[in-house]
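Over in TrEMBL, the protein carries these features:
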TRANSMEM  A:41-61  transmembrane segment
TRANSMEM  A:93-113  transmembrane segment
TRANSMEM  A:125-143  transmembrane segment
TRANSMEM  A:149-169  transmembrane segment
TRANSMEM  A:181-200  transmembrane segment
TRANSMEM  A:228-248  transmembrane segment
TRANSMEM  A:269-296  transmembrane segment
TRANSMEM  A:308-329  transmembrane segment
TRANSMEM  A:338-358  transmembrane segment
Amino acid sequence: MSVASVPDRDVLARGVAASLRRRHTTVRLGRTGIRFATRAAQVNAALVAAAVVAAVVGIMIGDYGIGLDQVGASILGVADDQLAQYFVREVRLPRAVCALLVGAALGMSGAIFQTVSGNPLGSPDIIGFTTGAATGALVQIILLDGGTLAVAIAALLGGLVTAAIVYGLSWRAGVAGFRLVLVGIGVGAALGAVNALLVVKASLEAAQTAAQWLAGSLNATLWPEARAVAIALAVLTPVAIGCSRALAQLPLGDETATGLGVRVERSRLVLVLVGVGLMGVATASTGPIAFVALAAPHLVRRLARTPGTGLIGSALMGAVLVLVSDIVARRLFAPTELAVGVITGSLGGLYLIWLLAIERKRL
Amino acid sequence: MTDARMGPTTSVPPGTSVPPGTPTAAGTAWHGAASRLRAERLRVGYGQSDDILHDVDVAVPEGELTVIVGPNACGKSTLLKALARMLAARQGQVLLDGQPIGTLAPKAVARRLGLLPQGPTAPDGITVSDLVARGRYPHQNLLRQWSARDEQAVVEALLAANVADLADRNVDELSGGQRQRVWIAMALAQETQLLLLDEPTTYLDIAHQVEVLSLTRRLHRSGRTVVLVLHELHLAFRYATHLIVMREGRIVAEGRPEEIVTADLIERVYDLPCRVVPDPVTGRPLVLPLDQDAAWVAGRP
């Protein structure tokens, strides 16, 4: 009993079908079919290209400049220049890989938390998880005098415990996003005070180590750090992708999502665990790198013009942000290397402000 | 439309429950009227608070347009949410096709029963066709994200809800009535035979209310079983083929509006003296409230 007459109906139907296809691409194989927003895929491809370029440039430049041909040869292990091969394989490549992986982990973690909390501020560095990881690390550095591995484990534990506390305190017949953010900010502020107290009470030497760790830097990352983050990503990314369809439905609200067959509370819990794990591993290996988890999902959402926040896009954007920021951190006051966290904070922050300003003009 | 005999009984007679383990058997609770969705001695409440529903027995009659009415806080939305497994029962159970709804896989339920909650929120910047496509979620999974069937269902849903011409628009830009039709289209894309709508006309002006309700009537006439929660009695009585009247967490009356609605019933349920006359347009009952202070109350029979 349609209102439109038959030919009108066909014209309308064709128009709608065309509009559904226009902005999406579907890749079919037998009964399976993967569908994605075309523009988001283009943005992701551009981000992959940007990440590759940034990684190569990061390997080329330094106090000892290395040509493009030598970079390729060094990675394959057939470079004429032995010093170049050493720099590439043992110093700059692991650092670039680590920057890429840590950035991806932070970006994905931010996308998860912003969607789960339904709040653009719901990123782990705002809702206290990163501060909690820092508390764990500081306890290890200052009170227990632990080594690098012990500090990393303590940071991971600190992040997990903080997440459990924040999640538990915001639980009231389900977790509402707004409460999660408010409780997180409160817990984060309290832990920030604990961190400050720990540093004040520390010996000069320990305080210096702590300050270095707190700035978040890739200056000391080699293959072991890169490997640890790679393993964590290899385990957690498939879980995140498995939940990504439920994640995309959460912005519809709990009731609508439940009505569509999403296990809302269970998906939310699994996603929070994955997000904490990603953030925790990243922070454990480099210290807290500010702003990436907050900015990456926003940036990619604005570039891709999608309503939801893609996990893959956010991961790629995070990787590019950290890679580029690390190059700037290394070269801005060379030979003195800055902490990458200092740059991500300023660079990402400025870019986000600029984007928001543009957005505002358009509206 | 089925024309089952319905009287103003208050509850389902005992001993008519469907034995568990018969998934295809439809319930026969309502005086012979078939029912796929029913509640047995349902007791529901929020958090630590007292029960909102008190041992409610109800069966959604198959092929009818059921409207639930009652005063504020009578539990009508709570009943709808409990039927759609949004709220867990403290006692009793909700049965879908004879099985406790909580034991069924969430997506399997979502392929049989669609729910549109009150005042749903759309993600920022989503287009109409993308929002409607979200309704296909229960038919999809990670490897089967989009099929020709999905596309067809979305197109049909947009056409049925009369929002095909809005397909490329942003949901944020639409008027209240258009937005509500888009949400109904999303529920339609789910392709469920049962459709539950919680106050779909709230915040709409009268023209948009009629627009949304005539859409639900079209859906009912095309073979769906529809349940609505409504506030406006004149609209409820006009569109319902089956009426459920609630007060204080209990069902007070059930049946065809023209058979059960009396001035006495409305006064009992709403504490409002009134007169009930036939609607000059449809012949359905029309409630005319009697204001105690007004002079024309003198004319009350």
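Glycine too: its Cβ is placed from the backbone N, Cα and C atoms.
All annotation found in TrEMBL is predicted automatically rather than curated by experts.
Values in this document were obtained by computation on a predicted structure and should not be read as measured data.
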- Message: Does the structure show the transmembrane segment (A:228-248) and the transmembrane segment (A:93-113) touching, where I'm treating 3 or more Cβ pairs under 8 angstroms (sequence separation 6 or more) as a contact?
- Response: yes
- Task: Could you name the stretch, out of A:93-113, A:149-169, A:181-200, A:308-329, with the greatest number of CB pairs under 8 A to the transmembrane segment (A:125-143)?
- Result: A:149-169
- Item | Of A:149-169, A:181-200, A:308-329, whichever stretch has the most CB pairs under 8 A to the transmembrane segment (A:93-113) | A:308-329
- Note on the structure: Residues outside the transmembrane segment (A:181-200) whose C-beta sits under 8 Å from one of its C-beta atoms, at least 6 past its ends, are 117, 119, 121-122, 126-132, 134-135, 138-139, 142-143, 162, 165-166, 169-170, 207, 210-211, 214
